[in-house]
Amino acid sequence: MSIQVEHPAGGYKKLFETVEELSSPLTAHVTGRIPLWLTGSLLRCGPGLFEVGSEPFYHLFDGQALLHKFDFKEGHVTYHRRFIRTDAYVRAMTEKRIVITEFGTCAFPDPCKNIFSRFFSYFRGVEVTDNALVNVYPVGEDYYACTETNFITKINPETLETIKQVDLCNYVSVNGATAHPHIENDGTVYNIGNCFGKNFSIAYNIVKIPPLQADKEDPISKSEVVVQFPCSDRFKPSYVHSFGLTPNYIVFVETPVKINLLKFLSSWSLWGANYMDCFESNETMGVWLHIADKKRKKYLNNKYRTSSFNLFHHINTYEDNEFLIVDLCCWKGFEFVYNYLYLANLRENWEEVKKNARKAPQPEVRRYVLPLNIDKADTGKNLVTLPNTTATATLRSDETIWLEPEVLFSGPRQAFEFPQINYQKSGGKPYTYAYGLGLNHFVPDRLCKLNVKTKETWVWQEPDSYPSEPIFVSHPDALEEDDGVVLSVVVSPGAGQKPAYLLILNAKDLSEVARAEVEINIPVTFHGLFKKS
């Protein structure tokens, strides 16, 4: 996909530095020519505060949520950012310490409370973070920033002001929800979260939020659970970051990375555990893939199995005759990749960064093909009859269907991650192109385009430049799937460069169209969207 480059200067460390919010937008300096049709806002979420006073956050997913916005109008660009006023942030600023436990950082006990006060706080339940640093998405006419708990935060996409916290538990039965909901073209939102099912065992609920109706009531108040997936382990749900959706099916991939709920509930308050302390890997289960009939709201008991991998991001899922095509950004093995994303590791000098990454699960882009009709299938025979794929599915004597993938891209310690597609046109449908952030030993140093049919790749890469997830924006008069541009926030600490810029690439060949430079550093961002004017 690209020549593996070295980063001895360690410029990637700028991604993990605390910054201040802005009181008003900055005007960016544009080089090149921004298409006049590109009007709207790029909204992105990520951590912006990596310590509170003398207390540091330890994990990549701990820093307090910073909401970013690049506005595009008539060829000009402005940049703005504000910290999201979550409970976690407001209380930390008020008490000048970390008050709510984050993903990999324990909250320090309140020095004003004695041991009995802290003990009795255990019986009031676990205090879950609302630190909405992962993504932002629309619901009806509103926009919400989110993490992966039951809390989402309504924000104003124009001013970046925080409006209110919303607890999803008040509307549906979920303990949390992913930061990667699917949004259909009519505005319907689908998401997944674990829940307590029958006999107090764990299950996974698919939640549907309808589009805005004529009564203008908040669509979240009309949320409903439409189907439930079983869990392979009664008390240990798998970590779920995304799922697949087509017009007729829902796909859930259950990985061996598990949350030990007994540890979560018993040791959290008393022993100072954090979220990362409660993860463990099931070394023998492999991966279970589940499907449900979306229209009939029915779980289909096809038992798809394959070897172990970590999964964070689905690229796309679609139907092809009597098969489901599931394209995934995988990490080989059962060990949790997040174990390697502590800030101490990511801030190491380059040789240490590489050394740590060599121990981690290795990335691979894979295509799995799931046969839907297995009623009359022969045991031991490959059920995949589609041309142009090497993926296989074999029915075993225990009625499980063993899947072997087709590899779409693989490079040693070279990940194609944070995938994006022309979602409005191709989400849940056959497609050709995916865009991704290239990770070099976990350091983001290139932008990539992948033809999933031919495996041809294109790359944008510059020295001492660290881009973000690419966001595809379609041309308003597009005739082809890749007619449009790709947007990415690039941190550029190298000599002679501005600290950061918004990069605009031609989506066909990743050639540069324009860039909009700012005079301040921009820390790492995870996910976001383009909101058209």
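Quick reminder: no glycine exception, Cβ is built from N, Cα and C everywhere.
Here is what Swiss-Prot says about this protein:
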type: MOD_RES; residues: Ser2; note: N-acetylserine
type: MOD_RES; residues: Thr101; note: phosphothreonine
type: MOD_RES; residues: Thr105; note: phosphothreonine
type: LIPID; residues: Cys112; note: S-palmitoyl cysteine
type: MOD_RES; residues: Lys113; note: N6-acetyllysine
type: MOD_RES; residues: Ser117; note: phosphoserine
type: BINDING; residues: His180, His241, His313, His527; note: Fe cation binding site
type: LIPID; residues: Cys231; note: S-palmitoyl cysteine
type: LIPID; residues: Cys329; note: S-palmitoyl cysteine
type: LIPID; residues: Cys330; note: S-palmitoyl cysteine
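On the structure: features taken from Swiss-Prot.
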residue: Thr101; record: phosphothreonine; DSSP (3 states): coil
residue: His180; record: Fe cation binding site; DSSP (3 states): coil
residue: Cys231; record: S-palmitoyl cysteine; DSSP (3 states): coil
residue: His241; record: Fe cation binding site; DSSP (3 states): coil
residue: His313; record: Fe cation binding site; DSSP (3 states): strand
residue: Cys329; record: S-palmitoyl cysteine; DSSP (3 states): strand
residue: His527; record: Fe cation binding site; DSSP (3 states): strand
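Between the candidate binding-site residues, His241, His313, His527, the densest Cβ environment within 10 Å is the one around His527.
When the alpha carbons of Cys329 (S-palmitoyl cysteine) and His313 (Fe cation binding site) are compared, the span between them is 6 angstrom. Checked against Cys330 (S-palmitoyl cysteine), the binding-site residues His180, His241, His313, His527 differ in C-alpha distance, with His313 being the nearest. For the pair Cys231 (S-palmitoyl cysteine) and His241 (Fe cation binding site), the Cα-Cα distance reads 15 Å. Cα spacing between His180 (Fe cation binding site) and Thr101 (phosphothreonine): 22 Å, rounded to the nearest whole number. A straight line from the CA of Thr101 (phosphothreonine) to the CA of His241 (Fe cation binding site) spans 20 Å.
The Cβ of Thr105 (phosphothreonine) lies under 8 Å from the Cβ of Pro56, Phe57, Tyr58, His59, Asp62, Ile98, Asn274, each on the same chain and at least six residues away in sequence. With the fewest other C-beta atoms within 10 Å around its C-beta, Cys231 stands out among the recorded sites Cys231, Cys329, Cys330. Most Cβ neighbours within 10 Å among the recorded positions Thr101, His180: this distinction goes to Thr101. Taking the mean position of the Cβ atoms of His180, His241, His313, His527 as the Fe cation site, the remaining residues of that chain whose Cβ falls within 8 Å of it are Val134, Asn135, Thr178, Ala179, Ser242, Phe312, His314, Phe418.
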